[in-house]
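Chemist: Sharing the feature lines straight out of TrEMBL:
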type    : residues                          : note
BINDING : 109, 131, 133                     : Mg(2+) 1 binding site
BINDING : 131, 134, 299                     : Mg(2+) 2 binding site
BINDING : 134, 135, 136, 137, 228, 260, 293 : substrate binding site
DOMAIN  : 22-214                            : domain 'Fructose-1-6-bisphosphatase class I N-terminal'
DOMAIN  : 219-350                           : domain 'Fructose-1-6-bisphosphatase class 1 C-terminal'
Ligand code: AHG
Ligand code: MN
Ligand code: MN
């Protein structure tokens, strides 16, 4: 149906309503496709999403409430100052997840040791590793932050015993689900269960995540590069050579565009949508991050699964596939080079062949 505006132009009388599928509906429909699915995994995701909505709500009100912005007196296991929102998000996710009945053990960036399921609560067949609040340095300045999660099935899915370290220390390639929540200009949840990547946007009026980005694919090439170049002097000659190459204007070449937020979730999300490469190499000339800064279990591995499932790649500075790395410690760090296929392959040309 057409109607006229005051200026006489014809416009569609009613804007076409997108067909809106909620995350809950999506999860149920996906579950129905798997014969004999028990619904446990769907229930686990629902608990995660519930906590994400609580954290998202506090992030939106951060400047208005006491106790959300600013740092605490505490440092976490990695010697980093904990922000109030780090602790708030950690509590929100842990409190919802550890009693949900579907996890056997949990690991969080904010806890040195694994978090066990409290007595009296059911022990499930999944493990989760979580970065409750990613991008802490951006909290107080209203810049996008996020949450990252990684889910594995425990080594013996039939066991009802408490989960152990070894249940968490599995390769990224064995993740059955990985994803992130970005608290940005809107709140989005992006996840994969190994069959592509799907994005949902929170409709604050409904309090529901709605399917907004079905079958996300990252561009095969991209012009953006993202790295904390303040550290360039610490990087290996190979990484420095690659960065000089992509910035070079020799022969009329167009250099890449630098974009760096300092929140892994926000940097990777932008590059996933627009195409490009994110690098967090190791320090070769200082003792601060000799193995890289990002944590394998709850930062690099889940982001690597998302990247690969969207058609991109994720490798270390040595050219190893991140998803093939065997973790040996809960909080171990790794280097991460992640992004569009062409860009990561170009980076690999600068790495000496073994
Ligand atoms: P977190 O806030 O969970 O500790 O993670 C911070 C990480 C990551 O989000 C980001 O990519 C990186 O630190 C930024 O590090 P620099 O400040 O060294 O650039
Ligand atoms: Mn982080
Ligand atoms: Mn964090």
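Cβ atoms here come from the backbone N, Cα and C positions, even for glycine.
Could you tell me the structural context for the features on the list?
Modeler: Counting only same-chain residues six or more apart in sequence, the Cβ atoms lying under 8 angstroms from the Cβ of residue 109 (Mg(2+) 1 binding site) belong to 76, 78, 90, 130, 131, 132, 295, 298, 331.
Taken residue by residue with DSSP, residue 299 (Mg(2+) 2 binding site) is part of a helix.
In sequence order, 80, 82, 83, 85, 86, 145 constitute the residues six or more apart from residue 136 (substrate binding site) in its chain with CB-CB distances below 8 Å.
Per-residue pLDDT, averaged along the domain 'Fructose-1-6-bisphosphatase class 1 C-terminal' (219-350), amounts to 97 for this model.
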Chemist: How many of the residues that make up the domain 'Fructose-1-6-bisphosphatase class 1 C-terminal' (219-350) does DSSP mark as helix, as strand and as coil?
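Modeler: Helix, strand, coil within the domain 'Fructose-1-6-bisphosphatase class 1 C-terminal' (219-350): 56 helix, 22 strand, 54 coil.
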Chemist: Beyond the listed site residues 134, 135, 136, 137, 228, 260, 293, identify every same-chain residue whose Cβ lies within 8 Å of the center of their Cβ atoms for the substrate site.
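Modeler: Not counting the recorded site residues, we get 138, 261, 262, 263, 264.
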Chemist: Consider only the binding-site residues 134, 228, 260: which of them have a Cβ under 6 Å from an atom of ligand 2? Write none if no residue does.
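Modeler: From 134, 228, 260, counting a Cβ under 6 Å from ligand 2 as near, the near ones are 134.
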Chemist: What does DSSP call residue 109 (Mg(2+) 1 binding site) in the simple three-state scheme?
Modeler: coil
